[in-house]
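S.K.: Here's a structure for you.
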Amino acid sequence: MGLVEENGNDGVVSKMNKYQKMDKDDEFDDELEDSMIKLRQQHTRSSDTRKYVFACAVFASLNSVLLGYDVGVMSGAIIFIQEDLKITEVQQEVLVGILSIVSLLGSLGGGRTSDAIGRKWTMGLAAVIFQTGALVMTFAPSFAVLMIGRLLAGVGIGFGVMVAPVYIAEISPTIARGSLTSFPEIFINLGILLGYVSNYAFSGFSVHTGWRIMLGVGILPSVFIGFALFVIPESPRWLVLQNRVDEARAVLLKTNDNEAEVEERIAEILAAAGFGNADKTEEKAVWRELLDPSPSLRRMLITGFGIQCFQQITGIDATVYYSPTIFKDAGITDKTKLLAATVSVGFTKTIFILVAIILIDRVGRKPLLYVSTIGMTACLLALAFTLTVMGNGQVGIALAILLVCGNVAFFSVGIGPVCWVLTSEIFPLRVRAQAAALGAVGNRLCSGLIAMSFLSVSRAITVGGTFFIFSLISAVSVAFVYKHVPETKGKSLEQIELLFQKGNEEWQRGEVELADVEHLVQKE
C-alpha cells in the first residue's frame, strides 16, 4: 500500500510539476511577447523620432537655399545686368558684395530677435524680408532700385544664416547633432547649384528679361518656409529660457526617444540657463558679457569668430561669385560655355557636402577641418600657378576647371559645414544666439570684403596673384585649427561648455588621451 501510495503521490506531484512547468512556459511566452511588443514600439518610436528631427532640420535649413541661390545666380546674372543697365566694374563689385555686408546687420539683429520672439519665428521673418527684396530686384528699372532690393535681401539672409544652425543644434540629439547642423550648408550648396542651373537655363532669353527671371525664381523657396513654420516646433532651449519647461520637455520627447536622456537634458539646460540656483547673483547683460568675457568665453569667441572668418577669407565666395571671370581668364570666351563650366562647380560643391554629412559624426569635426584646409591650400596654390603660367591653352582651361572644383570640394568636406556646426554648439545657452550672431557677422563681413574687392585686386595683381594670396591665408587657417579648435564630436552642448573651461592645452592633451583609449578599445 505504501508503495502504491508513494507511486500515487509521485503521479500527483509529477502532474503538478507538469502544470507548473506549463504555467511557467506560458508566463515566459507572455513576457517574451511583451518584450517583443515593447521592442517594436521602441523601434517605431525611434524611427518616428529620427524622421521628425530630420524634417525639422530640413525645414529650418530652407532659408539657406536663399543665400546659396543668390550667390550662384548672381555669378551669371551680373553678366546680363552689366549689359542691360550699363553698370561699371566698381558697381558690379558693390552689387555683388553689398549683400554680404548688409547681411551682417541681419545677423546682429537676428541674435536679439531670436532671443525675443524665438528661433522659429525669426526664420519666418527672414523669409518675408528676403522675399520682399527679391521682388524689388526682379522688377528693378535701374541700378539704384536694384540696390534697394539687394539691401533688403541681404538683411533677410543675415537673419536666416544666423538662426538656422542655432535652432538645429538646440533641437538635435547629441549623437546626430553634427550631421543635422550641417544641413544649412547642404542647402546653401543646393541653392548655389540651382542658381548656376538657372543661369544656364535662362541664358537664352533677352538681356533685359533673362536676369530678372533668374533673380525672380529665388522667391520660390521662401514660400515653402511659410508652410514649414506650421510644422516645426520652437527650440526647447529657448522655451526653457522663457520658463516654459513643460513645453520644452514635450519637444525633446518628440526629438529624442530616450525619456531618461530627455530628463537629463532638461536638467542640464536648466542648470546652463541659471535656473535652480538660489545663490546666483543677477547675470550681466549678454552684450556686456560678450564685451568683457570670462577666459572660457574668450576662448569660445576666438574659436567661433575665427573659424567663421577663415571660412570666407580663403576666397570661397570669390571662387563661386566670379567663377565665370576665373574661367574667362583661363581662356574660355563663349558665354554659354562659361555658364556651363560654373554648373560643374555647383555639382562638385553639392556632392562633397554630402560626404561631410556622412563623416562629421563619425570621424569628428577636427579631422575634417585638417583635410579641408590642407586640401584647399594645395588647390589654391596650384590654381594660382595655372592661371599665371599655363596661359590660355586647352590644358590650362582643363586644369583651371579641375582645381576650382577641387577647391570647392575640399571646402564642402570640411570648413564649409563644420564652421556652422562649431559656432552653433560651442557657446553657453545664455549667450548662444548673440554669440553665434557675432560669428555670422564676421563671416558675412569677410564675404562682402572679398566679393567687393576681388575684381579690383585681380586687375592690380592678376587673378593668379589673387589666388596666391588666398593660398597663403588658407595655410594660416591650418595652424588656427590646430591651436584653437577642440573636438566636439559626441559631447552634449553643456559638456562642450565645460571643455572650453579647461583651456587649449588641456583639450589638446585630452584629445591625445582619448585617441589612445579608442586605439586600445579597438585593439582589444
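Cβ atoms here come from the backbone N, Cα and C positions, even for glycine.
These numbers come from a predicted model, not from an experiment.
Take a look at what TrEMBL says about it:
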type: DOMAIN; residues: 56-489; note: domain 'Major facilitator superfamily (MFS) profile'
type: TRANSMEM; residues: 52-81; note: transmembrane segment
type: TRANSMEM; residues: 93-111; note: transmembrane segment
type: TRANSMEM; residues: 123-144; note: transmembrane segment
type: TRANSMEM; residues: 151-169; note: transmembrane segment
type: TRANSMEM; residues: 181-201; note: transmembrane segment
type: TRANSMEM; residues: 213-232; note: transmembrane segment
type: TRANSMEM; residues: 338-360; note: transmembrane segment
type: TRANSMEM; residues: 367-391; note: transmembrane segment
type: TRANSMEM; residues: 397-423; note: transmembrane segment
type: TRANSMEM; residues: 435-455; note: transmembrane segment
type: TRANSMEM; residues: 461-482; note: transmembrane segment
S.K.: Taking the transmembrane segment (397-423) as the reference, which of 52-81, 151-169, 181-201, 213-232, 435-455 gives the largest number of Cβ pairs under 8 angstroms?
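M.R.: If we count Cβ pairs closer than 8 Å to the transmembrane segment (397-423), 181-201 scores highest.
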S.K.: Out of 181-201, 213-232, 435-455, which stretch touches the transmembrane segment (93-111) the most, going by CB pairs under 8 Å?
M.R.: 435-455
S.K.: Do the transmembrane segment (338-360) and the transmembrane segment (123-144) come together with 3 or more C-beta pairs under 8 Å, pairs six or more apart in sequence?
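M.R.: These two segments do not touch.
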S.K.: So which residues does the transmembrane segment (461-482) touch in its own chain, when a touch means Cβ under 8 Å and the partner is 6 or more beyond its ends?
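M.R.: Answer is 306-307, 310, 313-315, 318, 325-326, 329, 366, 369-370, 373-374, 376-377, 380-381, 383-389, 415, 454.
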S.K.: Using a Cβ-Cβ cut-off of under 8 Å, list the residues of the same chain that are 6+ residues beyond the ends of the transmembrane segment (435-455) and lie near it.
M.R.: 89, 92-94, 96-104, 107-108, 110-112, 158, 161-162, 165-166, 290, 297, 300-301, 304-305, 307-309, 311-313, 315, 317-318, 321-322, 325, 419, 423-424, 427, 466
S.K.: Using Cβ distances below 8 Å and needing 3 or more such pairs, separated by at least 6 in sequence, tell me whether the transmembrane segment (213-232) contacts the transmembrane segment (52-81).
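M.R.: Yes, the transmembrane segment (213-232) contacts the transmembrane segment (52-81).
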